[in-house]
Structure formats: structure tokens, C-alpha cells
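Annotated features, as they stand in TrEMBL:
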- 28-218: domain 'L-asparaginase N-terminal' (DOMAIN)
- Thr37: active site (ACT_SITE)
- Thr37: active site, O-isoaspartyl threonine intermediate (ACT_SITE)
- Ser83, Thr116, Asp117: substrate binding site (BINDING)
- Thr116: active site (ACT_SITE)
- 238-349: domain 'Asparaginase/glutaminase C-terminal' (DOMAIN)
Amino acid sequence: MIIVISFPFYTLSATQNPSTDPITHLPRILVLATGGTISGTKSARSAIGYNAGGVTGQELAESVPGLNKLAKFDIEQITNIGSQDMNDDVWIRLAKRIQFAFDQHQAEGVVITHGTDTMEETAFFLQNVLHTHNPVVLTGSMRPSTAISADGPANLYEAIKVAASPNAKDRGVMIVMNDTIHGARWASKTNTTEVQTFQSVNASPEGYVDPASIRFIAPPSISRLNELQIPDHGPFPRVEIIYGHSNMDAVQIDDAIHHGAQGIILAGVGDGNTSHTALEGLDRAVKQGILVVRSTRTGSGFVNRNVEVSDDLHGFIVSYDLNPQKARILLQLLIANHKTTLTDVQQAFEGMPAVVAHPKLESDQPK
């Protein structure tokens, strides 16, 4: 006898999709354009070597048929740069504009067009400072808008489709690329050129988009709003990422101390480890009041407390599932919000219900 058991998705069926729902009004979506490959131009035969930010958000939206059937939307050009030039001031402008739009009921969702190189960092920053239950979706492309196989139009269409969905609430900030919905905490760019470059590292995607439906594979995860506030201005506190390697000395660590770093993220080998010489340098940093977070250069996996390094002894923090670039952002925001005791910082990095909170660290001292 054969028994077949079906495990359904936590899914938004075609009849729940805002593009097919018999709704009385279209949702209002604010589109904020920042540039990137999705706005890039080059000859139709080329998908590389393009000029990022050559097309405005308005021009991009006009090239995508059917958007007006998904939502009523306004488009604002925040900046028009390649995302390698993304900076603290643009982040603050984005965050304040989004928060104002939601507070004043100007929009029910926000879509941001963005270059892919630092998209995960912008998404993670916004995830930690926005106070809203409404969806924020970032999207972009791996090929310029003028390429024969441009992926930007489909990505923009699907991003607006997700942002317009009532089932996208309480999911925080998301990245929608290549028919896939990624949560900001886990999304990471994993390939230099492939259109499926974004993956949910250490977790499953939030869901998928197809022509008939939006399929979320997990329930909403935002149960309470953030405690961190949007910084008033940049630059954010100086936090350095130092890359671990064989035969590592402490020159870069001492340089970070000398130049006034308030935090150091170690992109360590394996489980966030490093050489004895580098550990001695990190100990010097801690003695100077610098917050030290151990992350990993491996690209996936968890860095746990007191496994290969005695974090309690050294006064270190671990990043758990956060990669070095996201660990840097979180530490900057914590310092800017004056949350600098070891307990406050470590608990902020836990961030996931599955991670058991540790006892209060004996070495807690305000920095």
C-alpha cells in the first residue's frame, strides 16, 4: 500500500494574488529609484561593462507593461548611482522617506530599485531601522536595461506584485529577484554575473513568484517593531572589517585601533577563528574599548560562542548567521543608538528565536 502525504506551502494562491483579486482599489506603492545595473545602459549585445544609472526610475517603469494593473504607484529618484557608491547619507534619506510615507499613509508598500552589489546591505540596514508592518521590497538586475536578455523589467514587475500583496505584511524588508523572495537577514549575492545570484544563506527563501501566484513558504515573522532608530546623519560610527587568512599578523588590527575604529568585525577562517598573533591584536582592541565581533569568511554557517575561541575570556561577540558586511551594519547601528554593553550587542546579533539567549556576560561594561 502506498500512502501519499502532501505538505502544503504557506501559500498565497492565485485567487489571493492582488493582480487577480476582485479588490475595490489598487494598493498604493511608492517606488524609490537609486540607480544600479537595472538602470544601466550599454549596447544590446552586452550584459557587462555598462554605465550604471543611465536610465531614470520613471523611464524604467514605463518600459514594463502591466504595472498599472498591479498598483497605483509614484516614482521618486533618490539618487542614480552604482551601488558600489552607496553610502550612509543615501541610506538615511531612504529610511526617512520610507518611514514618512508609511506614517503619513502615503503608501501601503515600497519598492526600491538598487544595484545588486550592496543591495543586501541596504536591505539589512532598512530591516533594522524601519518601524512598520508594511512591506519594503528591493529589486535590481544583473543585466543592463538595454541588454537583449535584460532581467530588470521582470524583477521590477514581480517586486511591485509582492509589495502590493496583503500577505507581504509583517515580513520585514525583502529582496525579490529572479522569481524568488528573500528575507533581508539571509539574502546574499553569491555570483558575479548569474541572474540567480541572490540566495537565502542559512535559511530558505521567503517565497516564490510565478505568473499565477505569490507563494510564501513561511508565516510572517515580524512580531514586534525595531528598537533601533534611524541615525540623524552620517557618517556612521567607524567599524572595520578585517579579513582572516593564513600567516595573519595584527598590522590591520593595530591600524584600526590607531585610526579610531569603534568596532572590528573579524571575517575569520572557519568558525570565525584567527591566528594567535591576530587574537593578541584583538585583545588590545578590546582593552581600548573597541567592540570585536567574530564572523566568518566562509559564506555560510553559524559562528557560535566559545567553540573555537573563548569569547567569554576575550570579551568578544559572535555574529551567529550574519556575514561580515551585515555584522558591520548592525554594530554601527548599535553604537549609534548607544547600545554598547556586551549583553546588548550579543543579544542583538542573536536576532533569531532559534538562538538561545546566553546568560548576562560578566565583562559587561558600557563603552
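Just so you know, glycine gets a Cβ as well, placed from its N, Cα and C.
Whatever TrEMBL says is automated annotation, not expert-curated.
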Sorted by sequence, non-Ser83, Thr116, Asp117 residues with Cβ within 8 Å of centre, substrate: Gly36, Thr37, Gly82, Gln84, Met86, His114, Gly115, Thr118, Met119, Gly140, Lys189
Number of helical, extended and coil residues in the domain 'Asparaginase/glutaminase C-terminal' (238-349), per DSSP: 45 helix, 23 strand, 44 coil
Entry from the recorded positions list Thr37, Ser83 having the most other CB atoms no farther than 10 A: Thr37
Greatest inter-residue Cα distance in Å for the substrate-binding set Ser83, Thr116, Asp117: 7
Collapsed DSSP category at Ser83 (substrate binding site): helix
For Thr116 (substrate binding site), the three-state class that DSSP assigns: coil
Overall pLDDT of the domain 'Asparaginase/glutaminase C-terminal' (238-349), taken as the mean: 98
